[in-house]
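Among the features that Swiss-Prot reports, compositional bias 'Acidic residues' is placed at 299-308. The disulfide bond feature in Swiss-Prot is assigned to CYS37-CYS112, CYS155-CYS210; the stated evidence is sequence analysis. The domain 'Ig-like V-type' annotation in Swiss-Prot covers 21-125. Swiss-Prot lists 135-228 with the feature domain 'Ig-like C2-type'. The region 'Disordered' annotation in Swiss-Prot covers 270-308. What Swiss-Prot lists as signal peptide is 1-15, and the listing cites sequence analysis. Look at Swiss-Prot and you will find 258-308 tagged as topological domain 'Cytoplasmic'. The feature transmembrane segment is assigned by Swiss-Prot to 237-257, with sequence analysis given as support.
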Amino acid sequence: MAALCLLLLLSLAEAIDLRVPELPVIGLLDKDVILPCWFTPSEGFTPKNLSVFWKLPNQQQDYGFVLGEDLQENQSPQYKDRISLFHEELSKGNMSVLLQQVRLTDEGIYTCFVNVQNSSSASVSLQVGAPFTKPTLHLEPSEALKPGDQVTVTCHTYDGYPEANILWQNGEGQNMTENITTSQVANEKGLFHVQSSLSVILETSDTYTCLVFNPVLQDVTHASLTVTGQHLSFPPLVLWVTVGLSICLLCLLVALACVCRKHLKQTCEEEQENAGNEEHEENGELKTAMQPLKVTSPGEDDDAECLE
């Protein structure tokens, strides 16, 4: 810090035209990131005449390069062996630093101080982001659903940073904003677990999509679930009872058909037997009726009368 104060005291009125990004620099968690800072050097510029300091966020020590040498002894433990200049680029006016293995605690404002006969400073904002996992969706209840039932679709996603923006859409791509409950809890590493629940009245069939938006990384991950309510769906017990009753009814109909067939056969036999008896009786009566009459003479009749 004393070296930085000395650098500022030695500065002249005319400042170097330092250039840094206007927008925040985005660093991925556990990846390397470059914090840009550069100027256009004059002819004859050499790094031996250069002094560079980077003021690190929330740190008492700074990272510096003075008159051709790195200042490593005052480097913060948090940044030790993780931050460095591009020494081969210094002669081109490139004062950028490489920050390795970005951590969540690295987020903040970094200020670049440069002195070459005169001095200037510029600040760079670093934002850290970690992508969320692909969401998983769960349905409750998930069985024996029919239109009109109330169901809850729950979306889970993990290990993202910072907090996510959650959006629900139906199958037509329309945003759903009612009956939504969302919670975001950070773990011991500072990464967030997001749980969002959507309660809906089930229709015949619809698709629900959970979109997870990372505001720093500007990326979206999503998952969809199609839910169908069956009008004619039966519980397993009812289905088996229905099948059992159908089988019993079929057996009963078969038995009834056998009884009817037997009864019909017996009736036919009796009718045939009765018809045979009637025919026999008719034949007997006809035979008796057709017997010849005995013819007697007149004399025989007189003798018979005399005998009487």
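Every residue gets a Cβ built from N, Cα and C, even glycine.
Remember, it's a predicted structure, so these values are computed and weren't measured experimentally.
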The domain 'Ig-like C2-type' (135-228), counted residue by residue under DSSP: helix, strand, coil:
0 helix, 61 strand, 33 coil
Counting across all protein chains present, how many other Cβ atoms fall within 10 Å of the Cβ of CYS112 (disulfide bond)?
24
DSSP-wise, what's the residue breakdown of the domain 'Ig-like V-type' (21-125) into helix, strand and coil?
12 helix, 44 strand, 49 coil
Along the topological domain 'Cytoplasmic' (258-308), what average pLDDT does this model show?
60
